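Over in Swiss-Prot, the protein carries these features:
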type: BINDING; residues: Cys28, Cys206, His231, Glu235; note: Zn(2+) binding site
type: BINDING; residues: Lys267; note: ATP binding site
type: MOTIF; residues: 30-40; note: motif ''HIGH' region'
type: MOTIF; residues: 264-268; note: motif ''KMSKS' region'
Amino acid sequence: MLRVYNTLSRSLEVFEPVEEGRVSIYVCGPTVYDYSHVGHARTYVAFDVIKRYLRLRGYDVVHVQNITDIDDKIINRARDEGRDWREIVDEYTKDYLEALQKLRVLVDVHPRVTEHISEIIDFVQKLIDSGHAYVAPSGSVYFDVDTYPDYGRLSGRLDKKMWSQEEFASEKKNPYDFALWKARKPGEPYWDSPWGPGRPGWHIECSVMSSKYLGRRFDIHGGGTDLIFPHHENERAQSEALFGEKPWVKYWMHTGMLQVRGEKMSKSLKNIVPLRDLFRSYDPLVVRLWLATAHYRTVLQFSDEVLEQAKSNLQRLRGAVQLLKNLAKEVEPEGRLSDWELGVFREMLDARREFYASMDDDFNASGAFAAVMKLTGLVYSQVSAKPTYLLVLRALRLFEEFNRVLGVLDEDLALGAAEVLPVDELLDLIVEVRAKLREQKNYELADYIRSKLSSLGVQLMDQGEKTRWILTRA
């Protein structure tokens, strides 16, 4: 039974989607005014893992992640650099999409705000017509928070003194009302509307795009904890006010923040790490493994030490799979299982049960990865020592199953056992030559071959009279 933590109820709840067999997910994407950084990746990878696990569980999942391509930050950056705002958007959208591809984050729909202006205007007009919003003298439109009695429950801010919105304007009825539509200012991009030229406020866009692609009620709304207030609180208010659906979102899920040396990663502290810079030092799949194997709600520490550990873990995983592929060339189907083989097989099944039990517990990827490493240990300690057809193929299938969630290994694991690539044949030949050198007691040259292969990322494993190789470089 899958249970998830709901920010709204502040408790674990049994996961039951709105529509049986189908899961709808909306994740707040980036405002594209700067390079994507590792803090963004924390959220995107976490929800990619969640989505992949739900698919593994048999759900039909639709994952929407928006792109905010009009915002104060974009306008300010364009003004500071003397560029057209659309150039800023194009540059950083490209960077964002390239980062997702390298991290193997799979998104079904990437809606952009500027492609949904007519829908946003329609949404705002309906809020005005229903008495939940008002037009100010400037032509800006604000949501009247007092018309939504449940405001503050998502964030736990039940005192009105805690509601003050970032943008205070004397034309608002209350300081905590928030902008749905911003009246045009000189030199800024704008669109025509019934209230005059202007552009959308920040919060309205996600309500509009999520409802367009997922419906008036959907399952999971995700983002970082920094978005709970005011962004998600405001989204919830305007959507439930208009649709009358409660809850509008069934499960609110939020990722923990990243820290650097105990401090929050933020632009104000100048400790942001752009992904494009990080990828120069680490394989993007090392970064993915680090992020994918942490519980999504934990506060995550960023350091070279944790990335080096992830690199080592990825090397060990890749090595285990490569070892299994090599072993698959040696083994043949057998008859009756030995007691020893049955015991190892049961340990593999235990690892599988632990993987699912962890993921069913609020997507505890940390616990699930411990099960993956348990299987990895079995491959090195048991299967490689006494390989059999059943154990080798079962282990490969389990890695393929786990990788459907982790997404860090080759996609062709299950079929890879039968493949023999030219590099495999070359390494097999080198190992064979080294074995003959050892038979001739030419240990100096045999050790030289081992040392050179190791420097190239190939580890040799001497087990009795048999030597096998694995790739270790990540």
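Glycine too: its Cβ is placed from the backbone N, Cα and C atoms.
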Query raised in the report: Looking only at residues six or more beyond either end of the motif ''KMSKS' region' (264-268), which have a C-beta under 8 A from one in the stretch?
Result: 37-39, 257-258, 302
Query raised in the report: Per DSSP, what is the residue count of the motif ''HIGH' region' (30-40) in each of helix, strand and coil?
Result: 3 helix, 2 strand, 6 coil
Requested in this report: Any same-chain residues 6+ apart from Cys206 (Zn(2+) binding site) with CB under 8 Å of its CB? Would you list them in sequence order, or say none?
Outcome: Tyr26, Cys28, Asn66, His231, Glu235
Query raised in the report: Relative to the Cβ position of Lys267 (ATP binding site), how many further Cβ atoms are located within 10 Å?
Result: 10
Report summary line: Quick tally, other C-beta within 10 angstroms, Cys28, Glu235; top of the binding-site residues is Glu235
Report task. Express the predicted model's confidence over the motif ''HIGH' region' (30-40) as a mean pLDDT, rounded to an integer. Result -> 97
Query - Cβ packing number for His231 (Zn(2+) binding site), 10 Å threshold - result: 18
Report task. With DSSP as the yardstick, break the motif ''KMSKS' region' (264-268) down into helix, strand and coil residue counts. Result -> 0 helix, 1 strand, 4 coil
Requested in this report: Starting from the Zn(2+) site formed by Cys28, Cys206, His231, Glu235, give every other residue of that chain whose CB sits within 8 Å of the mean position of their CB atoms, in sequence order.
Outcome: Trp202, His203, Glu205, Ser207, His221, Gly223, Leu227, His232, Asn234
Requested in this report: Let me know the DSSP-derived helix, strand or coil state of Cys206 (Zn(2+) binding site), please.
Outcome: helix
